[in-house]
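Just below is one structure, and these are the notes that go with it.
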């Protein structure tokens with residue numbers, strides 16, 4: 001049955017996105033079988049719950065296609081590891097430390113503005129947010145290390161700081177260190193140069209929580225990886241929390257040593273995906289309130305509907321509008337936003353049409369536009385049709401009746417139902433959300 005599971009994984013890899021497969025399916029291991037039950041093992045409760053909720057029917061279908069319809073699946077949780085990393089010999093330890101990193105008399109390098117209260121949680125980052133909160137509430141508990149990955153400007157750095165700030169709010173004496181991997185490497189180089197490796201070791205290995213941002217930058221740097229490896233081992237053995245972020249899944253970081261890659265996979269791996277329009281609006285609202293900027297609803301939607309998924313860029317647009325409003329004494333309006341941000345945002349509502357969306361979606365699903373306009377209720381047509389209708393409402397100024405007219409004369413209530421159906425699925429179905437995001441980006445590019 002192990003061969004069946006490996007083949008089922010291979011089949012699932014062909015239909016799921018690379019990121020989804022790596023996050024949810026690849027970590028599932030074969031345990032054994034009894035009668036017609038396939039026993040599988042999830043690395044932790046988080047993964048088990050999410051797979052059971054979103055992917056178990058798909059997994060079961062894949063397995064049954066290779067066996068028979070009577071095969072069942074039992075998804076268990078891996079037992080906690082009792083093995084700990086081997087303590088490196090004194091001759092191997094070459095870590096260094098110039099100044100202490102935390103405690104009442106030293107800087108943690110944390111940004112006090114980045115807290116869980118200021119983090120906007122949506123479907124795209126809910127898992128990573130929950131994982132970060134769990135670590136902050138119980139450091140070195142179930143999820144050690146915690147590895148958070150995702151694209152630029154999606155909130156990884158915010159969550160790292162939020163973990164540190166929360167722990168400090170509970171325990172001011174906690175020794176916490178937030179470093180970028182580049183700063184870690186530069187400090188290592190300086191300590192090697194001035195022969196202060198003992199200080200380097202004492203600094204990082206006495207931490208209660210080590211937070212490293214953008215770990216991918218140490219890939220290919222042999223000495224830095226070696227020092228981080230020993231630091232990781234020392235902290236892990238001392239039951240201290242380690243949290244790192246990256247723009248890629250551990251296995252996808254070129255030049256990263258296998259021993260580090262395997263250690264990152266000991267704990268929990270959580271991804272952050274691009275925010276949807278609703279989450280971007282919520283982010284803008286929170287930022288506007290914090291900066292005392294009066295932001296009309298139509299302007300918030302205009303900014304959120306831009307092609308950028310980078311939260312920092314999104315907030316930068318808001319700050320720019322706020323500055324213009326403050327300096328000119330004028331209220332922010334949609335016309336002002338279009339004028340001030342014309343070099344950044346192309347107003348998609350002026351360029352994208354219902355016909356363009358229909359053609360683009362039909363090509364993506366290998367369908368004909370006529371299929372999307374038809375009344376056929378085949379599942380292979382219903383979902384693409386609903387997605388196309390949702391995108392028409394999202395990316396054009398067309399009203400519900402106008403969209404219905406272009407989809408074969410459908411009633412506006414049918415169009416409203418399709419939009420609401422997709423909106424609901426976006427928060428529940430990772431694959432559908434990825435598909436919608438891919439289509440949206442393609443239409444805006």
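Just so you know, glycine gets a Cβ as well, placed from its N, Cα and C.
As written in Swiss-Prot, here are the features:
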REGION    1-71  region 'Domain I, interacts with DnaA modulators'
REGION    71-108  region 'Domain II'
REGION    83-106  region 'Disordered'
REGION    109-325  region 'Domain III, AAA+ region'
BINDING   153, 155, 156, 157  ATP binding site
REGION    326-445  region 'Domain IV, binds dsDNA'
* Would you pick out, from the binding-site residues 153, 155, the residue whose Cβ has the largest number of other Cβ atoms within 10 Å? => 155
* Identify, in sequence order, the residues in the chain of residue 156 (ATP binding site) that are 6 or more apart from it along the sequence and have a CB within less than 8 Å of its CB; answer 'none' if there are none. => 128, 148, 149, 150, 213, 245, 272
* **Cβ neighbours of residue 157 (ATP binding site) where a neighbour is any other Cβ within 10 Å** => 19
* Other than 153, 155, 156, 157, which residues of the chain come within 8 Å of the ATP site, judged by Cβ distance to the Cβ centroid of those residues? -> 150, 152, 154, 158, 159, 245, 272, 311, 312
* Asked: Three-state secondary structure of residue 157 (ATP binding site) from DSSP?
  -> helix
* Structure fact -> The DSSP breakdown of the region 'Domain IV, binds dsDNA' (326-445) into helix, strand and coil residues is 84 helix, 0 strand, 36 coil
